[in-house]
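Participant: For reference, TrEMBL lists these features for the protein:
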- 12-29: transmembrane segment (TRANSMEM)
- 49-73: transmembrane segment (TRANSMEM)
- 171-190: transmembrane segment (TRANSMEM)
- 196-215: transmembrane segment (TRANSMEM)
- 222-247: transmembrane segment (TRANSMEM)
- 267-291: transmembrane segment (TRANSMEM)
Amino acid sequence: MVERWRPARRLAVFLGGVLTLVCVAFFATRLTAVLSAMPAGTVVTFPEWILVAVLAPAYAVTLALLASAWATLVGGRGLSFPRLVDIYAMAQFGKYLPGNVLHLVGRHAVLRREGYSHIFLVKALLAENGLLVIAALSVGVGLSLLAPATALVDLVSSVVSFAVEMRWLASALVLVLAAAGLTILGRLTGTPVWRASPLVLLFFLAQSALFSALLAMRTGDLVPAAFGAVALSWIVGFVTPGSPGGIGIREIVMLTMLGDTLAADDLVVTVALYRLVTFAGDAIMFGFGFIRQRSH
């Protein structure tokens, strides 16, 4: 019986190697595009490159939060928690391939082979995506309302005439709506959305911290207006069909939101460096999953 399945196993290993090469090639292509997007004559200082090298593995660690959230949603059905995290890590880089769905397809296929039903996996996918959007909105809108002089506050103020103290009330309202959304989502999908939600919220808060660190290194100051920009730009990239990893879309949103607050050259360089951090972090996460998979 074992001999019978060896050719299929060899084929699977070969195809896995081909997929790895394809992912690396796409990564190199996207990385080149990011670097070429920097304005001509731009000087990235040595401390900035050091910070990028530090933040890339830090970003990979934050991805473990998302992996753990997903493992929480689909866990308890035979596969161990570490094994589920490995599956998430291995599929992570598929989001950069055309279509922006191969990471989801890959995870679905692996769990189907492990006996998970299509219906359960679809519900888990809906729960995961809904949780991501709710968490990103909560962090993005909440931080943007609390931070002064953001494009979002200016827009809302022009309609409602927000006073400074009303921003706190508005942020609290955002959290209440998010809690209601999580409750409804959990009941509709039958998944432990509430248990996974702190992990996803921490992920988006961490993204604000990473981007703010790059921006502070570039400008010498903390920019409160930037705190919510990353999460809000993530949502736009997430809901844009066919945008691999939200490339281009998220950068445009951040440039639009912060264009009136920061000098254009500082902003463009910081956005490009942040994308470089996320590329490298995704590659580290993929490598982590690949090494652990091979060790099994």
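All positions are counted from 1 along the displayed chain.
Using the three backbone atoms N, Cα and C, a Cβ is placed for every residue, glycine included.
Unlike curated entries, TrEMBL annotations are predicted automatically.
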Participant: With a Cβ cut-off under 8 Å, give me the same-chain residues at least six positions beyond the ends of the transmembrane segment (196-215) that come close to it.
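Facilitator: Residues 48, 51-52, 55, 58-59, 62-63, 65-66, 68-70, 72-73, 127, 131-132, 134-136, 138-140, 143, 182, 222-223, 226-231, 234, 262, 266, 270, 273-274, 277.
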Participant: Under an 8 Å Cβ to Cβ limit, what residues of the same chain, 6 or more beyond the ends of the transmembrane segment (171-190), are close to it?
Facilitator: 123-124, 126-127, 130-131, 134-135, 137-138, 141-142, 145-146, 197
